[in-house]
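Novice: Residues or ranges marked as signal peptide in Swiss-Prot: 1-18. Residues or ranges marked as domain 'GH11' in Swiss-Prot: 23-220. Feature annotation from Swiss-Prot assigns active site, nucleophile to Glu111. If you look up Swiss-Prot, you'll see Asn117 marked as N-linked glycosylation site. The active site, proton donor annotation in Swiss-Prot covers Glu207.
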Amino acid sequence: MKFATVLAFATAAGAAFASPLASSETTEAGQLSKRQSINYVQNYNGNAANFKYDQHAGTYSTRWTNPPDFVVGLGWSPGNSYRTIKFSGSYSSSSSSYSAVYGWLNNPLTEYYVVENYSYDPCSNSGAQVVGSVTSDGSNYKICKHTQYDQPSIQGTKTFGQYFSVRANKRNSGSVTLSKHFNAWKQHGFANGAANPDFNYQVFATEAFGGTGSASMSVSG
């Protein structure tokens with residue numbers, strides 16, 4: 001997929017529905033923080049992919065055949081640096097799709113993905129720069145980055161960076177330790193190396209821009 005295409009629907013997804021739910025407290029890295037239930041629904045073109053969800057239960061499903069661009073899923077707004085996202089379910093795609101943690105930073109404006117399963121490798125795009133790798137959660141991940149010039153974003157038409165971690169051992173269930181990816185990306189400019197990046201939303205999502213497929217996921221974090 002062209003990187004510009006990804007951003008076109010990601011922008012609209014940034015305006016997806018969000019409603020706060022109860023949270024409990026947990027300790028992370030010596031700091032008291034809140035561990036939230038799902039409070040954000042990502043739904044861009046979900047009607048083209050039979051998107052159904054139960055926000056309280058943290059589950060969603062989708063099925064598509066040659067769809068327009070869509071991105072759907074569940075997560076949190078705002079995101080954070082220390083969340084470990086757990087996901088479990090099924091994902092099958094003939095082409096042009098990801099199953100991934102997905103989110104944005106507000107400042108510096110940045111789009112990011114931790115790709116757990118896929119039928120398209122974003123790091124194979126000729127415009128992507130492979131900068132390294134990181135080992136986390138039982139697998140190696142290839143890291144690549146890309147700059148989008150004057151493209152749609154959660155802040156309108158902007159120039160911004162994209163970061164991707166793409167898992168070698170594809171999977172449909174497990175835990176994603178986000179701090180491992182963020183720390184690895186910071187070596188390549190993510191968040192300008194800030195200890196506490198300015199997060200916008202952060203979700204586990206299914207994205208497709210062609211082909212046929214289906215997904216059914218349970219998400220928590």
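Cβ from N, Cα, C; glycine included.
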Novice: Enter the number of other CB atoms within 10 angstroms of the CB of Glu207 (active site, proton donor).
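Specialist: Its Cβ has 30 other Cβ atoms within 10 Å.
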Novice: Rounded to the nearest Å, what's the C-alpha distance separating the residue listed as 'active site, proton donor' and Asn117 (N-linked glycosylation site)? Just drop the number here, would you?
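Specialist: Cα-Cα, rounded: 11 Å.
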Novice: Comparing the recorded positions Glu111, Asn117, which residue's C-beta has the most other C-beta atoms within 10 angstroms in this structure?
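Specialist: Of the recorded positions Glu111, Asn117, the highest Cβ count within 10 Å belongs to Glu111.
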Novice: Give, as a single whole number between 0 and 100, the mean pLDDT over the domain 'GH11' (23-220).
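Specialist: Here the mean pLDDT over the domain 'GH11' (23-220) amounts to 93.
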